[in-house]
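Quick look at what TrEMBL lists:
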DOMAIN    1-452  domain 'Major facilitator superfamily (MFS) profile'
TRANSMEM  27-52  transmembrane segment
TRANSMEM  64-81  transmembrane segment
TRANSMEM  87-110  transmembrane segment
TRANSMEM  122-141  transmembrane segment
TRANSMEM  147-171  transmembrane segment
TRANSMEM  243-263  transmembrane segment
TRANSMEM  283-301  transmembrane segment
TRANSMEM  336-354  transmembrane segment
TRANSMEM  366-391  transmembrane segment
TRANSMEM  427-448  transmembrane segment
Amino acid sequence: MASVACFVPPMSANIYYPVLAPIADDLHVSVALVNLTVTSYMVLQAISPTLFGDFGDMAGRRPAFLVAFSIYLVACVGLALQRDYAALLVLRMLQSGGSSGAIALGFAMVADISVSSERGKYMGIVGAGINVGPTIGPVLGGVLTQYFGWASIFWFCVVLISLWLIPYALFVPETCRGVVGNGSVPPQPWNRPLIDLIRRHRNRRHQNPGDLSQTESIPAHPHRKLRFPNPIRSVKIIFEKEMALVLAYNSLLYVAFICVAATLGTLFREIYHFNDLELGLCYLPYGAGCVVASLGQGYVLDWNYRRIASQIGFAIDRRRGDDLLKFPIEKARLQPVYPAVAVGLAALTVYGWVLHFEVGGVAAPLVLQGVIGLTITGSFSVMNTLIVDLFPDAPATATAANNLVRCAMGAVGTAVIEYMIRGMGRGWSFTFLAALCAVLSPMMFLIAKKGPVWRNARRMREEAS
């Protein structure tokens, strides 16, 4: 459920790209104006998780998911029916606001149900959903638009999210440890699956008077005071020492990733003269590398965690989870990143020059895209896991902070990459991105060395307050 939920936001963003020109024609506006709906979508994509992340940590994952995707569902229906530019602009913002919090909530759900020694593989499964979205989105958008018209992409989103919302509302229980603890604390009645409420109602109706003492022995749900979500909580996390470095380098890797994806369509159309459907298919090798990276890195992370625990004589507790106070979690997570980043940046450089000199046919850049997707995506997926490890008590809020910085830097990167290519050329543009990541890579070693000290100091400061 978490993986599909995390698939929706990037899919919704990328399924829209093939319909920009058809929408502009139908609404009788310029493509530049329709492009503003992309910008507005990205703005809400950065802001929305700061609200839903705090809401999910406070009230629980279920109400946050249900509110977020209900907003998304209404927006998608409106987008499919609207024929006015103002409605398009507002509803795209509403669509982004509803869906974009799902990634923070999905990662938080993983933190709820997994211990740190086994978190890698679960994060990998959720990360696969995130990475499939940008790949499948353009293909779906191109095919649906070609055969059914541009409104069909929004009806597709309506059907998809309905198929998710119904079983989630019916069957999936609350997982937030701040609400249900380890599962022994019952949530509020309004925060229970519908099937659970129906079962309880039937049990009470068929209960004998002599069984009332059993009912009374069930612990009552604690009273929880709800408040309006506070986005400042995510902003505060950004300024913690270890998180500032993790977020900065993680976002830099994301910029390299998104710049390859953002320029693929224009560069391949210019060089190879592909049509829209062929361009959509060109995203598949990139996506395949991303998915393999997300699934594979989880098992690598869990293996490296066990290896380091064995080296330092650290006992792994798979029932209650590990106290990371004396465990170098930064080192355990970042060690696999070093070789992956080195290979990925080399592939990024070669990719730029292959496109610059137009050598190797279409096969060479597609293979290099797969390598970049495998290594760069795997690297920032690992760092996403580290972010959850650093803030296990507020994983949704921490993931929202990551999303805020990542989307902001990604927006800047996609805004300037076309100008860089025009001014510097294809080869030097991607070489510059690779060089920037390489020059700042010592940040990872600093995180591994100083991170435990900063993390423990933060914990002592929080306990004192």
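Just so you know, glycine gets a Cβ as well, placed from its N, Cα and C.
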Range from 27-52, 64-81, 147-171, 243-263, 336-354 with most C-beta pairs under 8 A to the transmembrane segment (87-110): 27-52
The domain 'Major facilitator superfamily (MFS) profile' (1-452) [mean pLDDT, rounded to integer]: 86
Paired segments the transmembrane segment (122-141) and the transmembrane segment (336-354) in contact, 3+ CB pairs under 8 A: no
Contact yes or no, the transmembrane segment (336-354) and the transmembrane segment (427-448), 3+ Cβ pairs under 8 Å, gap 6+: yes
Remote residues contacting the transmembrane segment (283-301) - C-beta distance under 8 A, at least 6 residues beyond either end: 119-125, 127-128, 130-132, 134-136, 138-139, 260-261, 264, 332-333, 336, 366-367, 369-375, 377-378, 381-382, 385
Residues from the same chain, set at least six apart from the ends of the transmembrane segment (147-171), whose C-beta lies under 8 A from its own: 1, 4-5, 8, 12, 15-16, 19, 22-23, 26, 62, 65-66, 69-70, 72-73, 76-77, 79-81, 95, 140-141, 193-195
